[in-house]
Amino acid sequence: MADLTRLTAAELAGRIHAREVSAVEVAQAHLDRIAAVDPAVHAFLHVDAEGALAAARAVDETLAAGRPPASPLAGVPLALKDVFTTEGVPTTCGSKILDGWLPPYDATVTRRLKQAGIVVLGKTNMDEFAMGSSTENSAYGPTRNPWNPERIPGGSGGGSAAALAAFQAPLAIGTDTGGSIRQPGAVTGTVGVKPTYGGVSRYGLVAFSSSLDQGGPCARTVLDAALLHEVIGGHDPLDSTSIDAPVPPVVAAARQGAAGDLSGVRVGVVTELDGEGYQPGVLSAFHAAVEQLRALGAEVVKVSCPHFDYGLSAYYLIAPSECSSNLARFDAMRYGLREGDDGTHSAEEVMTLTREAGFGPEVKRRIMLGTYALSAGYYDAYYGQAQKVRTLIARDFAAAYEKVDVLVSPTTPTTAFRIGEKVDDPLAMYRSDLCTIPANLAGNAAMSVPCGLAEEDGLPVGLQIMAPTMQDHRMYRVAAAYEVARDAAEGGPLIHRVPELPATVGRGVEEVAR
Amino acid sequence: MPAISRDEVAHLARLARLAVTAEELDVFAGQLDDILQAVARVGEVAADDIPPTSHAVPLTNVFREDVVRPGLSQQQALSGAPRAEDGRFRVPRILGEE
């Protein structure tokens, strides 16, 4: 039998639903793969073998009884970012302050995955509270990039992206506040989608920056991402910012795009996200991808979005401001870590000692930065002005979408950098999000699809495709068309060129689970 | 001139309830100054007549039907508490020595 871990989610679902292979066999194959390679990758913070096998058995029983599968992805395994609550399964957000926390409820995304019969293998590593671009800010140690273990897998969702690239799971869930789905997708050669803000419920997604946070699908193919998008998307009364409208028809768009014709599609290349300051190999891969879109029939034009240059600055005021408020909930009283409760310290002292011990440096930096930006005397110059820049960026997008259907850019200015290279230079780390941030500020849909390897280091490059609010299907059509053309030109999917990982033989899953 | 002094960073840490060490203060003061100098670029944009955007999707208040629905049980709510006693959260004393 072919290696089940190399198949796409759509292929696995087809075989499971045709009863050519059982969901339990598929889950076990992925658990075995995790046991073998995760010591080298460290994509997972927790592996729930028992829960995964129970979910898989339930799918097999449904099919054996002659009932239809709960969803087109029933029985397919998935890696869930550790920022979504899972009832009775540890949820740490990559932070010591939530070490060992067992949530008493499921996030809406978790609930929808379970209802769809998707098999959740475990929880993936991430920068603490999703603050970071390399997964080095995890309190539990970094994740390594399967393309090169000395390199970062992106962040904050480096665990989810690495799990896909290491064939530990065919599907994953991430969250994208400033690029935390798309940037890891780009640097690991996988597909990552930030849906329109409000397109996927935030209920049970531990909040970092509420006006920017958005959960979304991660996969190795565009179609797989679309299938997962339709499972997790849609209105949720438990999230008051959830959009009360049908999920955009992303699966149909991915299938349409796969036919390989982009005639009549207008593509805008953002001039501000091209040229100086970008790694040459990233630019050449990006420009080749744009030529490919033209060859597929798309009309390609240049579009200027002048305020994008201020996006990074606006983001690093707005996101820390919201973070300083959201993370005030970690007060050592109701859940999580408590330090210094020895009878001599007051509640406030215990709170202060706990937050000092429980938060890592990046979280502390952002909390203090946000506290500063929101304080009287600085509010107008920093937070208020950043909100105005946000308006101007949204207007740039609106003007651009008068002329084109989608916008494109490189997803990241560079390929995966070395572990340790930027940990002591927060500003350099922040610049990793240069291209991805504008879509978060405006709430638009955006995704990254692999577009080859950079010639100077052989590492993956991502093509970012952006679409207007609730027009997510537009970017899926373009991405799917591009993916088919690229695979045809390259003689197969890019992800199959990831080097073989060192396998640890004879280690049980129980030993890997933490 | 630095955008922020070490003393100001110490004050921010107190406001944010973070018992940072002297070594941390040395590092954070320099880093926060670098970051603030960089993000101050937002001030270069002429935006006096531009309305602020707090949220990508404009929404007014969202209400649900005023009906009782199940929430967490007392046991569930206390399940993650660092300390609990008699079905309640047990917290350190509220008043300081001062």
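Our numbering is plain: 1 for the first residue shown, then up by one each step along the chain.
Keep in mind that glycine also has a Cβ here, set from the backbone N, Cα and C atoms.
Copied from TrEMBL, the annotated features are:
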- A:25-474: domain 'Amidase' (DOMAIN)
- A:K81: active site, charge relay system (ACT_SITE)
- A:S156: active site, charge relay system (ACT_SITE)
- A:S180: active site, acyl-ester intermediate (ACT_SITE)
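Shown here: features listed in TrEMBL, placed on the structure.
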residue : record                               : DSSP class
A:K81   : active site, charge relay system     : strand
A:S156  : active site, charge relay system     : coil
A:S180  : active site, acyl-ester intermediate : coil
Give the distance between the Cα atoms of A:K81 (active site, charge relay system) and the residue listed as 'active site, acyl-ester intermediate', rounded to the nearest whole Å. 11
Measuring Cα to Cα, how many angstrom lie between A:S156 (active site, charge relay system) and the residue listed as 'active site, acyl-ester intermediate'? 5
Check each residue in the chain of the residue listed as 'active site, acyl-ester intermediate' that is at least six apart in sequence and keep those whose C-beta is under 8 Å from its C-beta; list them in sequence order. A:M126, A:D127, A:A130, A:S133, A:G154, A:G155, A:S156, A:G157, A:G174
Cβ-based isolation winner (fewest other Cβ atoms within 10 Å) among the active-site residues A:K81, A:S156: A:K81
